[in-house]
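Q: Reproduced below are the annotations present in TrEMBL:
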| type | residues | note |
| --- | --- | --- |
| TRANSMEM | 20-47 | transmembrane segment |
| TRANSMEM | 87-116 | transmembrane segment |
| TRANSMEM | 128-150 | transmembrane segment |
| TRANSMEM | 156-173 | transmembrane segment |
| TRANSMEM | 194-214 | transmembrane segment |
| TRANSMEM | 226-245 | transmembrane segment |
Amino acid sequence: MSLYCVKTIFLFSKSDVVPILGPSLAVAIVLGGPTDILSFIIGFLWLESHLLTFEVSSTIVGVEEDRLSKPYRPIAAGRLSVYAAQWLYVAVGVCAVAWSVYLGLALCTAVYMVAIYCYNEGGMSHHWFLKSFLGSIGYTCYCWGTTIIFDHGNPLSRVSIMAIAMSGLLHVTTGHAQDFRDLEGDAAIGRKTLPMLLPALFARWSLALLLATWTAALVRLWTPPIAATLALVFFGLAAATKFVYARSLDADRAAYWWYNV
């Protein structure tokens, strides 16, 4: 595979390294326990194949959005035609499904594929709640599959199920944090998000309150060591403060980075 092809594939997922790849792998490592190198590579590639399937589909249906908010993506940047992207979408999707069947993760991938079809081709991401809800299903599936792979095929424990479900609920209630940075792109395709529908100050302060509430709830539920508690409180308050005082696209991007950390 040429360097050009590798870079093109990377550009599909570039914006999701921090919000998706990093957190999903971290959750899987914590819940699945320390794993061997081979299992880590398999888990990473499984996760990337599913993420790439979504990103290629999203790029095909959201070219105008990408030209405004993510101009580096392959179609918007002129690196790949829509026709070629459609073939890539099918190829990667088929590989992801086949791999999941082999790994015993067919149900996980079936749920995921239905969710991303509804999100992209089904146009449900145009509604503020469905966008966050379907996004949370996707994130839940990333953690679900990767955790099982890291744990060498063992089914999820009750603690893992609870932790992944809590992560999904967190995304449902605060996932619109990403929409502050994407206002121009969302407006271009007629998508309605909470930052558009709510008064600006209320949208930002309500998100900050949700982040503070979730931070307190997670600390109370899991009772982590003091160092982890302080880190969680620090990052939660930092993200909340960044969103409240952000007044530019760059500031919203920075706030979203803190949110994902």
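The backbone N, Cα and C atoms fix where each Cβ goes, glycine too.
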Q: Quickly jot the same-chain residues contacting the transmembrane segment (156-173) by Cβ under 8 Å, restricted to those at least six beyond its ends, or write none.
A: 27, 30-32, 132-133, 135-137, 139-140, 143-144, 147-148, 210, 214, 218, 221
Q: With Cβ-Cβ distances below 8 Å as the criterion, list the same-chain residues six or more beyond the ends of the transmembrane segment (226-245) that contact it, or say none.
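A: Distant Cβ neighbours of the transmembrane segment (226-245) are 177, 180, 204-205, 207-209, 211-212, 214-215, 218-219, 251-252, 254-255, 258-259, 261.
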